[in-house]
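Trainee: Before I ask anything, here is the structure I am working with.
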């Protein structure tokens, strides 16, 4: 995969030279190029200007962005504009991007963009309902989430398939040595060596965590009959616990 990032602050992307993304570059699975679009601004070197019609703040000018992208050999690239008004980035979109050969990220750093920049763009994307100073942190997050899904980047394919959201559910609790730490012990089922019981426990824990923390994920989740039965059992247990607590508070 080839990724080009348009930014006024290339130095902010130093963390991408490490960990999984850095290793992917070393192994030739990934190429990342950073383009300071100020270098392509006209003689004034100004990349921003006041909005027509008045208003607060400055807008990113179209010319530096157009000229920078013209110099990138990426006619088939998917061009992503980091914008708070864009679609919310999620695991499904990361999976989608991981199948692309070329990506371009445009990071703004002002009040907004000249609307004409969007004529270059295939996707306007946001991390969520909040505003960042610039698009750099959002771009780093999206690059990291996307690159780790590229085949061969992570050793075992199941390493990311079991992640929260990859299956549609939140991930089950996990433990490592020691068995007992400060009186907190590993659930016995994980020590049993019984693979089927461990699978069922993990599935139940994933469903329970998702129901308690992100019930919205269950609305569009295609459940198996087994999962449906387990979820009903969990709901019944929660209702019983709530009833007991209410009675104790009387």
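Using N, Cα and C of the backbone, Cβ positions are placed for all residues, glycine too.
For 108, 127, 128, 129, 130, 131, 132, the entry in Swiss-Prot reads S-adenosyl-L-methionine binding site, with the evidence type sequence analysis.
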Trainee: Provide the number of Cβ atoms within 10 Å of the Cβ of residue 130 (S-adenosyl-L-methionine binding site), excluding the reference atom itself.
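Mentor: Around residue 130 (S-adenosyl-L-methionine binding site), other Cβ atoms within 10 Å: 7.
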Trainee: Just how spread out is the S-adenosyl-L-methionine site if you go by the largest Cα to Cα distance in Å among 108, 127, 128, 129, 130, 131, 132?
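Mentor: Spelled out: the longest distance between any two Cα atoms in 108, 127, 128, 129, 130, 131, 132 is 17 Å.
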Trainee: Neighbour count first, Cβ atoms within 10 Å, every protein chain included; then name which of 108, 128 tops the list of binding-site residues.
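Mentor: Compared across 108, 128, the most Cβ atoms within 10 Å surround 108.
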Trainee: Judged by the number of other CB atoms within 10 angstroms, which among 127, 131 is the least packed of the binding-site residues?
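Mentor: Fewest other Cβ atoms within 10 Å, among the binding-site residues 127, 131, is found for 131.
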Trainee: Which ones in the same chain are close to residue 132 (S-adenosyl-L-methionine binding site), with CB under 8 Å and 6+ residues apart in sequence?
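Mentor: The answer is 84, 138.
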